[in-house]
C-alpha cells in the first residue's frame, strides 16, 4: 500500500514540473521493485489521475472554450493545442518500439536530467522579453514548434513539461502563458499516450491489486492538484532555476547510484 501511495504522489508532484516524472518513477519504482504488467497498469492509471487534476483546475476555461468554439479566440486556443499535439502523436506512434527501449535505460534518464537542467539555466538567461502573453495569440507555426519541442521529451529524463515550457519561452511566450500551454497540451498528449500504451500492452495488463491502483490514482490526482494550482505563481516569483538545479542534483545522484550497482 505504501509503495502504491508513494508512486502516486511522485507522479502527481512531478508530471507537470520540468523535472521528469518518468525519471522519478523509473528510479523509485526500480528501488521498490514495482515492475512487470501490474506496474504498467498502475503507470497508465496514475497518469490519468494527474490529467484529471488539470481538467479540474482549468474546468471553467476548458468549458468556456468548448461552448464558444466558433468564436475566433476559442477556436485559436483549441487549434494551437491540437497543432502542438500532432508531432508527438505521429512520431510517438511511429517510434514506439525505440521509445520503449529507451525507457528501459535509467542511465539515459539520469544524463538527460543533468543536460536538461543546464539547458533550463541557459534558456532562463537567454530569454529577456516575451512578446506573446496569451495562448490564443500564438500562430499555428509557433504551436507546431512547441509540438516538436515536446517530441524531445520522448527521451526519458528530458521532461515533457520542461521541453514544452522552455520551447514556448524560446519562441516568445511569457512564463505564465508557457506554463499554461504546457498544462493544456498535456491533456491530449497524456490521454493519447495512455490510450496507445493500453492498446500496445492490453494482452499483458493486469488489474490484480485494483485497490492499490485506485489508491495510486487518487494520490496522483490530489498531489497534481496542488502542483497545478501553485506552479504558475511559483515560477512567477522564482523562475525555473530552482528546478534546473534540482534536476542536476537528482540526475547526478541517479547516475552515481546506477554506476555503483
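Think of each number as a place in line: the chain as shown, counted from 1.
In case you wondered, yes, glycine gets a Cβ from its N, Cα and C as well.
Residues annotated as transmembrane segment in Swiss-Prot: 1-21, 38-58, 75-95, 103-123, 138-158, 178-198, 212-232, 240-260.
If you look at the transmembrane segment (75-95), the same-chain residues 6 or more away from its ends with a CB under 8 A from one of its CBs are 65, 69, 135-138, 140, 142-144, 146-148, 150-151, 153-154, 164, 181, 184-185, 187-189, 192-193, 196. Same-chain residues lying 6 or more positions outside the transmembrane segment (138-158) and placing a CB less than 8 Å from one of its CB atoms are 20, 22-23, 26, 76, 79-81, 83-88, 91-92, 95, 99, 102-103, 105, 108-113, 116, 132, 164, 166-168, 171-173, 181, 185, 189, 251.
It is 240-260 that, among the stretches 1-21, 38-58, 212-232, 240-260, forms the most Cβ pairs under 8 Å with the transmembrane segment (103-123). Residues 4, 7-8, 11-12, 15-16, 21, 25, 29, 183-184, 186-187, 190-191, 193-194, 197-198, 201, 204-209, 212-214, 216-222, 224-225, 227-229 of the same chain sit 6 or more residues outside the transmembrane segment (38-58) yet have a Cβ under 8 Å from a Cβ within it.
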